[in-house]
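> Have a look at the structure that comes next, please.
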Amino acid sequence: MVRPFTRLCHTFRGNIRRQYPINHHHHHYLPYTKFCTQTEADLQGEKYNQLRKESIFWSACYSDAYLAKFYLADLNMFAHRKMLFFDVGANKGYTIAKGLSLWMPHLGINGIILGEFLRQKLKLKDCGICNECIEAGFINFKRDERVHTAIEIHAFEPQPSTYQVLTKMKRWMNSSFLHIHKVALSNQSEIRALRKCPAEFEQCALPTTSNLNERNTYQKIETEGFDPLVIQGAENILNRHQVRLFLFEYHGIHMWRTTTLYHVINDLGHKGYLCYRIGQTGCGEYLQTILVQPKSVEVPLGKTVVLDCTVFNQYGEIAWCKDGHCTMGRERPLYFIPRYEVIGDKQAGINSLKIRDVNLDDDGIYQCQIGRTIEAREVLSNFANLTVLIPPNQISLTYVPPGIAISGKEFKLKCEVLNARPSATFTWQIPTNTHIVNISQLNEPMTTNSKLLASISIITLVADISQHGQEITCEAAHVALNKSLTSTAIIAIDYQPVVKIVLKPTKMYEDKDYWFECTAESRPPITELVWKTNDTILQRISPIPDGRYPLHLTVTRQMHNQHLSCSALNSAGIAEDVMVLNINYSPTFKSFPSPYTLARVGDLLMLSCDVDSNPPANILWTKNGEFVGGGSQYQIPEVHENDYAVYACIATVGGQFTKIVASTKVVAPGPPRFYPPQPVLASRGSEVMLKCQLEKHIELTNSFWIFKNVTLINTMKYTVVPVRDIKTIPRYEMGLIIHNVQKNDFGEYECHVTNQYGTEYARLRLEKRSSHLLMQIAIYFTLLVLLSLILFSSYLCCHHAFQVDQKRITLGRMRRVQTWLQSKPSMWIHNLTAAEKIPLTVYDVNSGVTRTTLDPPVDIIECYVTMMDEQKRQNFNRPLLPPPLPPPILIDRMPFCNDDQSEQIYETADPTSWHIDV
């Protein structure tokens, strides 16, 4: 039988001793136990001999006491759960009947009932090796202590004859919980043929296939010598402790011949199972058990604590261990540790440890151990943590480096408490709508080997502008504190610039200047702002206090649909605002028909022109000036003679831009076509160039000149100019240069050209120029004289008209001055003697102030004497005053006498004051 502990020594069959090394690192073994001693092995051998003497029929057959104890230990443990029972090597099913009598007594099935069924119904006289057919089982077991659970049984039997017996037994029981499997369990996956066993003979089984994967509570193996293979195949479920009660046989046949019981027991021990040898007399060893386990406890500094350890059936000595050192408890009291004491009735198995005036040195892991003896194995208690409570003495809340919070990115805050035992627990109070990425906690010693802890909680948040200026609080709770420690910080969020283009034209035209403006606001302030179109930087601007950044831009058609962006940069990042430039620009042809288009009669004619403009152009087509269609393409499905004409593509964009026109002449394929040549005049001894021009509709393949039936080539006399394309007009041109023209060079020349459709030529004449040089000079001179006379007469007329107009204007102004002077009796003109050259002043007698001074003096001429004559006679006898100071700043200046440019009249800003300068 197997339970979750292991024993250290295994002896069997009398006084037989085996010494094997024990892995003392396994936590179920005492560190000082390494071998079974000779004395221990002898004592165990004597005990087994005594057991055999007490029962002469002692064999591998065992009592059912272990099963009853197992049942009582599980009372109410499996309520509402299904209990699994695996019977590997079920044989005739007596073990199944024994289990049903215990867990399902209401069925009334036990070994006696099953034996009768086998004898009467199946005619089998098989009572089992241990006479199970006469055992009543647990029918009369304490019915008031029943496990209320369902049971599910899986029986594995590979022998065909035995499998048939089990199948009939299942039908007889009429049980849905019993499952019969015609397989054998082993340590490998394969299929093999089984030897046929004689009737009622069990020891001929052979392992087949499967691994145990079911979760079960009770498993019995009886495979007639192949039990080690089944145990090995059940490796996974044994490691997972899915089997709580594990039963197998050892009898030295088949696999037991090459497998020692020690190795199997030792392997199960390493898996955490305890092995018992059971027989008719019951268990073969005594068991001391810890009934009251020590429990982990937290104690304030300076208090007293008691760790319990109560042992049932105690044989060994008590030893208390702290942090793995087992030096306390062998003596009472503990004289060498004054504050420690083992208390309780030792005879009753009470071995509690009392610690007074607890301090930080007492903090640790404690364990109660009961030593092993000849009669009983050692027992180890659970580990108990004694934690001394020391509250933290300070709390801090700081940023985790780099220590800045940037909007849209993660940042971390660290809350730290120091000098605490045990660690503190943290609670964070954060602004609403804050995204928490993670909260972690780290506990580490204050110093090396220190039991005081520094507890650190780190919260990771996603920064947002809305958090700026808000509070975040860290609260640290500790079992030794009545009130939590808190620390609060103000969140400062750095955010990348908020950029917006606030000024942008509603409509733009190419090659015009426009103003744009964008604003940028950020924390911290921006370091630079950049205007650019697509990837082309237009302007870099340093920070401006008001945060408004203008751009003066001359837009072009190439900028249409480009992205104009305003981007700003600070330590938190870069941001931009983008607008798409929508520029109106004039139409231009991206493609248009060639000047000539060839088309045969009956062909499909497709003319197209592609126009680039914004907004899109309206395209019209004309034929010899008459409208024929619209759109980027014009199509004639079948060309006729009347379709040969000049077609024009006209593109217009409303009334904003000038229309553009591209034309093509549709012609039929044929020989070259010449433009009619004109005669050329030349003088003897001169140099002249003859030209022939052709329509540019088909590429030429050959050209040459003929004069007087002679083909001309490049010589000292002639230079043949090859056919060239005139870029300015859609024509081809070929030429012939004649050097030092003589009398025999005059005459008719032929220019011949060839294309793929044929050859054509044109004639032009070189004629002698007439000499009338003197006549031409005379004509040119006469025309020049006539033109000069016409221009001089026009000048005289204009000059006279100008003088008359000037005199009329001057006289009008003089009359206004005279009228004004006459209305001012307090002012007069001094020394106005005809034809004298004198200074002229205007003086105010009442105030004694000179209103005007003419400095330097100027001539008085006839045109002014007449105007002033009457005024002179009236004021001749008045005294002459010295010249006054210069007048105030004069505003306007106008001509007074046209005959002499030095004579002027001035007008001040004051309309009541006139100053005359003669």
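A Cβ is built for glycine as well, from the same backbone N, Cα and C atoms used for every other residue.
Features from TrEMBL:
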DOMAIN    288-387  domain 'Ig-like'
DOMAIN    392-486  domain 'Ig-like'
DOMAIN    497-582  domain 'Ig-like'
DOMAIN    587-662  domain 'Ig-like'
DOMAIN    671-767  domain 'Ig-like'
TRANSMEM  773-796  transmembrane segment
> Taking the domain 'Ig-like' (392-486) alone, what is its mean pLDDT?
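Averaged over the domain 'Ig-like' (392-486), the predicted model reaches a pLDDT of 91.
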> Would you list the DSSP helix, strand and coil counts for the residues of the domain 'Ig-like' (671-767)?
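Looking at the domain 'Ig-like' (671-767) with DSSP, the answer is 3 helix, 59 strand, 35 coil.
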> Reported in the order helix, strand, coil, what are the DSSP residue counts of the domain 'Ig-like' (587-662)?
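Per-class counts: 3 helix, 42 strand, 31 coil.
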> By DSSP, how many residues in the domain 'Ig-like' (392-486) are helix, how many strand, and how many coil?
3 helix, 54 strand, 38 coil
> What are the helix, strand and coil residue counts for the domain 'Ig-like' (288-387) according to DSSP?
3 helix, 46 strand, 51 coil
